[in-house]
């Protein structure tokens, strides 16, 4: 297979541009398109021969101007390397001479035909080119003459300055005329042979600057510059002179024009680059940094370093360090500085130094007071609903009055007919809202009444007309007066026989409550909560009193409030009933409540509907806290959850440390008292209640029971159902468990039976106190004991008119009878305690249903039965006295 070469390789060997070789190959009839086209050996030989025959020097005549111009162009294009390579290939060319002659003949015929077609255009171009060449030759001759004169004057000057160097120049100058006479490829070859250094195969291109007739200068012609301002330029002149003399030859017109064009472009680029560099130099000039003014006051903290002070003073840390060094203080940028040094530095700068006062963000009580004062001073205050607390003695009709206002029936579902936790409700009257707080009237709930008086605007004191002033009535008056809250007296039960409202008014005058009809300033309204008589008048008096007080709040600030009640719910976790006092509480707000923290996850109003925000004076129920807060704890909203978490954790830590400090250790001073206490008998109790307020009230009431030689010790108090941990704690402490409105879980009940732990369950507070006191005195005479006979699970419910709700239940264990007592337990909380109304098996009435069977059951006066409710059947059995 014959080896092939590409066009650019042939052009490289010949030292000719690629496009000229491509053009020549196309003229020879070769199928080539670009410099990447391939040629075989024969085609390469023809192509090289064509260039060789074109380079052969012939006497030019006027008739053959076209051939002479082509020879001149080709002669200039050939490089030294190409000539040398062609000389080395003479033997090869002689062997193939016949083929070359045939190819040259064919090529000549093609050129003749092409010349005939382009003869007019070619003759015009040749004439123009000849005129241009003559003009440029004349310019070069004038430039050469000028250069010769300049060279002679310089040579004379150099001879005077340095005779030895002038001799060397004579030798070089004597060579110059000989080199100028050489032309074309023969001149290049003669110069290469005369030089000592071998010349590589490079294309010889004249410098554009040297081909211009107008730009020949002394620097381009003179090989050695005179020793005037810059001696370095003198050494470079001989090389430039040699290059100029070597390349002083005829150049094709199109290359000369292209060189001139590229020279202009180069000059434009140089000017542009010069401008860019100058602009960059201008930009690089560093701008002077403007110093910021010093602050009027330096608010510092002890322990700051130079970097911290530099930021406050708007100065570099190095400047601060230098200033301190001048003041005699050796320090670095990271070393802490004391108070005196910082004040000395501030005095040096001529500004006042003020130490920063740290606020304890964990003290939310102070923060609560501050927010309250800011809200009162705010200019964006709006009217808010009044908060009214209903107070009075037990069973005087407080909850019945509230039921009348809300059109509900809360009092019938309360154990023993008494309220044992604070309830918060909001009522709309004549397009205005009133928030009511229902407080317990029992003596054990004194703290609840005190909390209700602290967060309220108006106190409605309910006094029964047939009962008169009672101890809790007097206590409520004291709470209201200590809180500075106005009192409106509602004399209730005027519809009952034997009611004497005037007698009640006379009794209240002893405590400073004088009716307006008798010349006083206390509003008295005679009402009947049961029939609704004069209730509307009472509401009008409440609104009138609220208008006089001009109750306002700023809804735009961060919310603050107070916990009314708190409990632990099985499905929702910690639940807190909160009264918003200032600002607007929104879902998602990070909050701290007492020693707990969290984010408001779900918020519901008093009607059980979910809300997104709570405005001032609105009672809401919130979830999302990490633990159950205490009743009366303050609620404060923080900027972010991270801050709220840190504050809550710090408060919990402080509370734990305070609890540890309260533990008394045995010392010589209290040794005798400690021995007396150890000799006393203790009744250990684990107390569990449904809400935090009830647990707190029970604990305080039980601890107040005084029996000589015996005392009550509450080892644990909490909210929620009785669980296994409570039973374990009671078993380890030899205590019994008191459950108030709660029930034990099945696991806890089984564990208590196995370990013999006594669990007492109550739903009325005074029964707890009576039983504990009787047990302490040793006079507990059990007459009847409650015995649980069975447990049922509600699987389906049906509502039947005139009958109520029928529960389809399955007896899990034990049995249930038609005469059994029944409790409805939902999520561990007792919802109702009553009696069985009817018991059926299929369609037949039965007396008893045992374990493993289904039954239909209805409960007296209770229809709110739901699927998965637990029913507990029990009987009261007589227990003999031991």
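Note: Cβ is positioned from N, Cα and C throughout, glycine not excepted.
Residues annotated as region 'Disordered' in Swiss-Prot: 50-299.
What Swiss-Prot lists as compositional bias 'Basic and acidic residues' is 60-71 (among others).
Here Swiss-Prot flags 84-96 (among others) as compositional bias 'Basic and acidic residues'.
The compositional bias 'Basic residues' annotation in Swiss-Prot covers 97-108 (among others).
The compositional bias 'Basic and acidic residues' annotation in Swiss-Prot covers 109-133 (among others).
Feature annotation from Swiss-Prot assigns compositional bias 'Basic and acidic residues' to 169-183 (among others).
According to Swiss-Prot, the feature compositional bias 'Basic and acidic residues' maps to 232-242 (among others).
For 250-263 (among others), the entry in Swiss-Prot reads compositional bias 'Basic and acidic residues'.
Residue counts for the compositional bias 'Basic residues' (264-277) under DSSP (helix as H, G, I; strand as E, B; rest coil) come to 14 helix, 0 strand, 0 coil. The compositional bias 'Basic residues' feature in Swiss-Prot is assigned to 264-277 (among others).
Feature annotation from Swiss-Prot assigns compositional bias 'Basic and acidic residues' to 278-294 (among others).
Summarising the annotation, Swiss-Prot assigns domain 'tr-type G' to 383-552. Note on the domain 'tr-type G' (383-552): mean pLDDT across this stretch is 78.
The region 'G1' annotation in Swiss-Prot covers 392-399 and rests on similarity to another entry.
For 392-399, 438-442, 492-495, the entry in Swiss-Prot reads GTP binding site. Under the DSSP three-state reduction, residue 395 (GTP binding site) is assigned to coil, being neither helix nor strand.
Here Swiss-Prot flags 417-421 as region 'G2', drawing on similarity to another entry.
What Swiss-Prot lists as region 'G3' is 438-441.
What Swiss-Prot lists as region 'G4' is 492-495, and the listing cites similarity to another entry. Beyond its flanks by at least six residues, the region 'G4' (492-495) meets 396-397, 400-401, 462-467, 501, 526-531, 533 of its own chain at Cβ-Cβ distances under 8 Å.
Within the set of binding-site residues (392, 494), the lowest number of other Cβ atoms found within 10 Å of a Cβ is recorded at 494. Each residue of the region 'G4' (492-495) gets a DSSP state, and the totals for helix, strand and coil are 0 helix, 1 strand, 3 coil. Cβ crowding, taken as the number of other Cβ atoms within 10 Å, peaks at 398 among the binding-site residues 395, 398.
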